[in-house]
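Asker: One structure follows; several queries about it will come next.
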Amino acid sequence: MKFLARRAAQAMLVVCGVVVLTFLLLHLIPGDPARQILGTHATDAQVAALRQQWGLDRPLTAQFGSFVAGLFTRADTGTSLFYGVPARSLIEPRIGLTVELVVMAGVACVLISVPLAVWAAVAKDRLPDQLIRIIPAVGAGMPAIWLGLLLIILFSVRLHWFPVGGAGPGAWLTSRGLVLPAFTAALAIAPLLIRSLRAELLEVLQSDYIAAARTRSLSETRVLFVHAARNAVVPMVTLLGLNLAYLVGGTVVVEQVFDLNGLGGLMFTAIGDRDFPVVQGIALLLAVVVVVVNLLTEAGAALVDPRLRARA
């Protein structure tokens, strides 16, 4: 219980840090939202009046206090400066599409990373391992935007297997249209997982427990999939959970590449419009999701493996 309480306290601190940091960064970026909305032909008096209406002329501490009060009283980050409606009403319809994309990308990442990591670990220092170890180096230098454009050109423009994109906020379960975006997001973090999972598997395969299993004349398949896999599953799940932040960040960018009207598309639009409440709402939502999933992953791993609690 002490372990879970300590992790929960750390998670709360992370969320609070995201709230403060997002608020400060948005308000310190050069540019005036009122001027952005009214345009360059607006007079200084009109801009000042709009700033007063939105409360942007108040000190940052007062604005931050109102922002936090809105979070606790209305579970909202305020009224959209651009659309004039609660930020929550803009965010909620787009959650479904982003969730589906993240889930599909996570499944694709597992299907790509786990088999390659197992193959590389079993064939340590042989040709398959050497080839697979090149993937992280190549993947690290391949931006998601460039990879997404390549997949669009190949599978959408030339082969016509998948639509180019453009799913709207109500397009739940548009699975065919999300295949390319999901694989783009998955391939962006798969190299990192392949390298990490390979290292974990090699550590398990070189342990005394596996050496003892091999002395009992068990087949290599049984040693790998029964004994080694059982001991490696906890680190694997932990790695997948802890890399959720990279996956969520990747899907935000991928949504822009494929013109998907999810949280990523809304965030980029809101940043361009200097729509503070919308950006803050999306950033807070994504931070809470990542922190909660990481907390659940660590808690589950600690319950299965008491050694993790002892280390913590």
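The backbone N, Cα and C atoms fix where each Cβ goes, glycine too.
So TrEMBL lists the following for this protein:
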type: DOMAIN; residues: 95-297; note: domain 'ABC transmembrane type-1'
type: TRANSMEM; residues: 12-29; note: transmembrane segment
type: TRANSMEM; residues: 101-122; note: transmembrane segment
type: TRANSMEM; residues: 134-157; note: transmembrane segment
type: TRANSMEM; residues: 177-194; note: transmembrane segment
type: TRANSMEM; residues: 232-258; note: transmembrane segment
type: TRANSMEM; residues: 278-304; note: transmembrane segment
Asker: What stretch, picked from 12-29, 177-194, 278-304, has the most CB pairs under 8 A with the transmembrane segment (101-122)?
Answerer: 177-194
Asker: So if I exclude everything within five residues of the ends of the transmembrane segment (12-29), which remaining residues of that chain have a CB under 8 angstroms from its CBs? That is, six or more out.
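Answerer: Same-chain contacts beyond the ends: 60, 63-64, 67-68, 71, 274, 276, 279-280, 283-284, 287-288, 291.
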Asker: Same chain, outside the transmembrane segment (278-304) by at least 6, Cβ under 8 Å from its Cβ: which residues?
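Answerer: Residues 3-4, 7-8, 11, 14-15, 18-19, 22-23, 26, 67, 71, 76-78, 80, 82, 87-88, 90-91, 95, 234-235, 237-238, 240-242, 244-245, 248, 252, 263, 266-267, 270-271, 312 contact the transmembrane segment (278-304) from elsewhere in the chain.
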